[in-house]
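These features come from Swiss-Prot:
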BINDING   Gly36, Gly37, His38, Asp55, Asp103, Gln110  S-adenosyl-L-methionine binding site
COMPBIAS  268-282  compositional bias 'Basic and acidic residues'
REGION    268-299  region 'Disordered'
COMPBIAS  289-299  compositional bias 'Basic and acidic residues'
Amino acid sequence: MRKYSQRHIPVMVREVIEFLKPEDEKIILDCTVGEGGHSKAILEHCPGCRIIGIDVDSEVLRIAEEKLKEFSDRASLFKISYREADFLLKTLGVEKVDGILMDLGVSTYQLKGENRGFTFEREEPLDMRMDLESEVTAQKVLNELPEEELARIIFEYGEEKKFARRIARKIVENRPLNTTLDLVKAVREALPSYEIRRRKRHFATKTFQAIRIYVNRELENLKEFLRKAEDLLNPGGRIVVISFHSLEDRIVKETFRNSKKLRILTEKPVRPSEEEIRENPRARSGRLRAAERIEKGGD
């Protein structure tokens with residue numbers, strides 16, 4: 001694994017623990033264990049609870065294993081997609097869990113590590129895969145999909161409402177794209193200079209988000225898992241989801257609202273405190289929603 005020195009700061013830890021309410025002898029399923037920050041905080045807070053942590057990224061899992069090695073008797077980590085969590089639990093002989101945590105953000109390692117292709121800040125191969133065993137890369141998507149399909153992806157997944165077609169056209173004109181800076185160049189050429197100046201965030205943020213979501217099937221996977229999540233929880237068990245853009249948040253909100261087996265604990269999404277945002281600016285866009293499995297309703 002590459003040398004990596006960036007410190008990962010998990011988002012909204014206090015709120016996660018407050019809503020999950022981990023207790024001794026209870027099992028928490030961390031669906032996006034990442035570098036292990038939330039899991040470590042939960043295990044420190046609750047000396048008798050157990051964590052089952054999963055992630056598709058084998059590189060961040062190795063970081064999590066190191067971070068959680070002092071809790072090896074209470075933390076079990078697995079490389080698997082959360083959409084297959086029900087299969088994993090069955091394999092482990094775990095019928096139900098008492099808490100589910102999902103932190104849908106890109107990890108610090110994925111952003112700051114080398115050659116993952118998630119960042120527009122430096123030149124890297126156009127990869128963007130969270131699961132390095134997947135065959136679909138950003139480079140393949142950007143160089144092979146038709147212009148119309150690229151425009152749809154950028155419009156829907158990047159919420160790039162005005163300039164999606166122009167960006168898609170420039171991507172096609174600039175083919176082949178091989179690095180992250182090739183994609184930045186195409187977006188820069190597509191946007192009017194006044195639009196670049198007007199944007200509060202980097203002008204390529206929306207396009208990078210769109211391609212990343214498509215490469216990793218993020219929204220499809222989230223929908224598929226949330227449909228099953230309520231049946232993985234014991235009565236009184238809780239699910240906590242932290243999302244970082246409106247597409248994810250909308251899916252979580254609607255799934256919770258439409259469920260007959262969940263009681264919503266957060267009528268509106270909980271946002272990070274101003275103090276946390278000062279200490280960790282990446283927390284700014286975080287939105288936390290929580291729900292509790294009720295006794296009745298479809299069993």
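Positions of Cβ are set from backbone N, Cα and C atoms, glycine also.
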Recorded S-adenosyl-L-methionine site residues Gly36, Gly37, His38, Asp55, Asp103, Gln110, farthest C-alpha pair in Å:
17
Tally every other Cβ atom lying within 10 Å of the Cβ atom of Asp55 (S-adenosyl-L-methionine binding site).
25
Neighbourhood of the S-adenosyl-L-methionine site (Gly36, Gly37, His38, Asp55, Asp103, Gln110): other residues with Cβ within 8 Å of the Cβ centroid, in order?
His8, Pro10, Asp30, Thr32, Val33, Gly34, Glu35, Ser39, Val60, Ala64, Ser107
Hey, what's the Cβ neighbour count for Asp103 (S-adenosyl-L-methionine binding site) at 10 Å?
23
How would DSSP class Gly37 (S-adenosyl-L-methionine binding site) in three states?
helix
With every protein chain in view, what's the tally of Cβ atoms within 10 Å of the Cβ of His38 (S-adenosyl-L-methionine binding site), excluding that atom itself?
27
The region 'Disordered' (268-299) - residue tally per DSSP class, helix then strand then coil:
9 helix, 8 strand, 15 coil
On a count of neighbouring CB atoms within 10 A, which of the binding-site residues Gly36, Gly37 is highest?
Gly36
In the three-state scheme derived from DSSP, which category covers Asp55 (S-adenosyl-L-methionine binding site)?
strand
Give me the non-local Cβ neighbours of Gln110 (S-adenosyl-L-methionine binding site): same chain, 6+ apart in sequence, Cβ-Cβ under 8 Å, ordered along the sequence.
Asp57, Val60, Arg116, Phe118, Met130
